[in-house]
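Colleague: Before we start, here is the structure in question, set down as structure tokens.
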Amino acid sequence: MNEQQRLASQQANSSTKKEEKDYSKYFENVYQPPSLKDAKKRGKEEVKIERDFGLPEEFRNFGTGRKFYIRTYGCQMNEHDTEVMAGIFTALGYEPTFSTEDADVVLLNTCAIRENAENKVFGELGHLKSLKRRNPDLLIGVCGCMSQEESVVNKIMQKNQHVDMVFGTHNIHRLPYILKDAMFSKETVVEVWSKEGDVIENLPKVRRGDIKAWVNIMYGCDKFCTYCIVPYTRGKERSRRPEDIIQEIRHLAANGYKEITLLGQNVNAYGKDFEDIEYGLGDLMDELRKVDIARIRFTTSHPRDFDDHLIEVLGKGGNLVEHIHLPVQSGSTDMLKIMARKYSREHYLELVRKIKEAIPDVVLTTDIIVGFPNETDEQFEETMSLYREVGFDTAFTFIYSPREGTPAAKMKDNVPMEVKKERLQRLNTLVNTLAIEKNSRYKGQIVEVLVDGESKNNPEVLAGYTRTNKLVNFVASKSLIGQLVKVKITEAKTWSLNGELVEEPIEVK
């Protein structure tokens, strides 16, 4: 969306329905609220790629002498967005701080995937209210996926008037202008684009660490699973050009990074929106095999778009790791249909068979929702049996959380919460049982570990991850942080492995 489109959209959105309260008259500057109705639309407008991001002269030294603090909730995409916002803050002259008490600007980068995440954000806004009273010049902002929801923005306007700015996921590159508006406005600045944004290249980033890096390869999702708010908050699927991705990863490799995670809400749909070339995730991964970097992984996959070419490429190994996160959500074909997942139990199991055939030592992990509206005991048992049949190493498990604006939120639900909790407990027992069973197979093996740093539980112990994303703890010199080492596994736990260093760092060729 260019500036002209932004202004046109702003004017269009300012004309709200008569029955809705119109807050725009209270604002001197920007009031562009979200619209889930607009966010659901998938137009044929060309997605523009902007490569000339830069700060105008008016923002030179804008943040000199000021500090910023960003609290991040949710997925890796939010982590990456925070890195971009930190890069913009730094370019403006701001310095980071790890304390809200010490900050001149506090941003909450939010997640909308479950109600619990939203409750945490509103709880934090309550804590920040007293801080704002003590420091009236403090700027407080809410950004990320929650900002794309109408109900959230209305709640902020009504009950959290100490918030100075609200912006969404499509206009992070406009952070300097939003900051300026918030700094000089007497009222809350709201700038949320409900239609998909453009692809903005060359945004500054302050990455967390210098060992692993997130790299966005696409944005948005067009799947519209009935329970999921993400297609509304992140817009339509739009892919970065392969040459831009490859250039970024080569630059990271040249700067010593050892592992790259390719990000997308539906990473397997990469390239499906290209009109000038036939180029998908399999093609990209095949090219990235040639980049001089130790490990490349990706998340998150959708089974519907996981094609044979990608499986073939992953089977070539090299720097492509043997770990795939493949959310199934349910083991029941009937339940998958109600969820609008667009695949069946049989399709998923056949996909798993193909993956295991191409990558015999693959580790599969997944996401599962229990207690979806009207889920029967039989349908839940199908999920349990699929989990055993696939033999997942672990899973992220959740009780269904209604998201306002999604079709599932309107469904009548006859499953009592007590039943949902009991099902989750049973599933988690199975997950834990298989996790320790899978991890026990590593005992006595020598594995490659990329050393992340000190263990969270013991600074005398180092921690790192295998190619299959297993956490390994071992005692060794801190000089090995950031290196690839070989570790012999001596003990297997449910969520981690313990081991002993067996040789010097591995040379990455």
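Along the chain as shown, residues are numbered 1 onward.
Backbone N, Cα and C define each Cβ position, glycine as well.
The feature [4Fe-4S] cluster 1 binding site is assigned by Swiss-Prot to Cys75, Cys111, Cys145. Among the features that Swiss-Prot reports, [4Fe-4S] cluster 2 binding site is placed at Cys221, Cys225, Cys228. Annotation comment: Swiss-Prot describes 1-15 as compositional bias 'Polar residues'. For 16-25, the entry in Swiss-Prot reads compositional bias 'Basic and acidic residues'. Per Swiss-Prot, domain 'MTTase N-terminal' is recorded for 66-184. Positions annotated as domain 'Radical SAM core' by Swiss-Prot: 207-437. Positions annotated as domain 'TRAM' by Swiss-Prot, on the basis of sequence analysis: 440-503. Feature annotation from Swiss-Prot assigns region 'Disordered' to 1-25.
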Colleague: Can you tell which of the binding-site residues (Cys145, Cys225) has the fewest other C-beta atoms within 10 angstroms of its C-beta?
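Modeller: Comparing Cβ neighbours within 10 Å for the binding-site residues Cys145, Cys225, Cys225 has the fewest.
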Colleague: For Cys75 ([4Fe-4S] cluster 1 binding site) and Cys225 ([4Fe-4S] cluster 2 binding site), what Cα-Cα distance in Å is obtained after rounding to a whole number?
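Modeller: So the alpha carbons of Cys75 ([4Fe-4S] cluster 1 binding site) and Cys225 ([4Fe-4S] cluster 2 binding site) sit roughly 18 Å from each other.
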Colleague: Round to a whole number and give the Cα-to-Cα distance in Å for the pair Cys145 ([4Fe-4S] cluster 1 binding site) and Cys221 ([4Fe-4S] cluster 2 binding site).
Modeller: 13
Colleague: List the residues in the vicinity of the [4Fe-4S] cluster 1 site, defined as same-chain residues other than Cys75, Cys111, Cys145 with C-beta within 8 angstroms of the site's C-beta centre.
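Modeller: Other same-chain residues near the [4Fe-4S] cluster 1 site: Tyr73, Gly74, Met77, Asn78, Thr110, Ala112, Ile113, Ala117, Gly144, Val230, Thr233.
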Colleague: What other residues of this chain sit with their CB within 8 A of the center of the CB atoms of Cys221, Cys225, Cys228, the recorded [4Fe-4S] cluster 2 site?
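Modeller: What remains near the Cβ centre is Lys223, Phe224, Tyr227, Ile229, Val230, Pro231, Gln265, Asn266.
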Colleague: Output, ordered by sequence, the same-chain residues six or more apart from Cys221 ([4Fe-4S] cluster 2 binding site) with a CB under 8 Å from its CB, or 'none'.
Modeller: Cys228, Val230, Pro231, Arg234, Lys236, Glu237, Gln265, Asn266, Ala269
Colleague: Sort out the sequence-distant neighbours of Cys111 ([4Fe-4S] cluster 1 binding site) for me: same chain, 6+ apart, CB within less than 8 Å of its CB, listed by position.
Modeller: Tyr73, Gly74, Cys75, Asn78, Ala117, Glu118, Gly144, Cys145, Met146
Colleague: Quick one: of Cys75, Cys228, which of the binding-site residues has the smallest count of other CB atoms within 10 A?
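Modeller: Across Cys75, Cys228, these binding-site residues, the one with fewest Cβ atoms within 10 Å is Cys75.
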Colleague: Any idea what the model's mean pLDDT is for the domain 'TRAM' (440-503)?
Modeller: 97
Colleague: So how many of the residues in the domain 'MTTase N-terminal' (66-184) end up helix, strand or coil by DSSP?
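Modeller: Taking each residue of the domain 'MTTase N-terminal' (66-184) in turn, the totals are 67 helix, 23 strand, 29 coil.
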